[in-house]
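Listed in TrEMBL for this protein:
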ACT_SITE  CYS121  active site, glycyl thioester intermediate
COMPBIAS  12-23  compositional bias 'Low complexity'
DOMAIN    39-183  domain 'UBC core'
REGION    5-38  region 'Disordered'
Amino acid sequence: MIKIIGAGRGRGAAAASAATGGSEPTGPGGAPQARRRQPGELRMQKELEELELPSCCTISFPNKDDLMKFDITITPDEGFWKGATYKFTFNVPGGYPHQPPKVKCETKIYHPNIDLQGNICLNLLREDWKPVLAISSVVFGLIHLFLEPNPEDPLNHEAAKLARENKTEFQRQVQRSLRGQNVGSESFPKLL
């Protein structure tokens, strides 16, 4: 499975600042309000301030007051899924970084390592997670799944079997799914 350790610097700072409103909560008279933050929140704020996403990714915060829940969109610029945009929701538990983030693909995809319900097979989201890893590690792991899907460790067994046995037909089925056509009995949203 994919093992990636990495961190970037810079581009996430604006998103982190926007998510928190650029300041701490204030109480009466404009004085800073004492809100005790959990260690996981402090770690996330630091990571987001240093996060540098590749050009194929964007980050957004559905609730600007919650750094622990955010969306990453990935638009691969190469590979079978090139040009389509996929949304991933990140829910970071209170025990972060000792517990991995929960990540789900919200865009239906025909992929060996992502099932039709959006569950993702990426070892660093499970048994290979270590507290030294960061959100950027997960983002780069997701990007890697678009560049090099792993049919040997699948969640979508049908897609994995086709990828192993007939790569040309697999690519054809991926393209059908991207055009919003059915693959077998499954319908997919039009992404290209």
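The backbone N, Cα and C atoms fix where each Cβ goes, glycine too.
DSSP assigns the residue listed as 'active site, glycyl thioester intermediate' to coil in the three-state reduction, placing it in neither a helix nor a strand. When DSSP labels each residue, the domain 'UBC core' (39-183) comes out as 49 helix, 25 strand, 71 coil, counted as helix, strand and coil in that order.
Each residue in the domain 'UBC core' (39-183) has a pLDDT score, and their mean in this model is 97.
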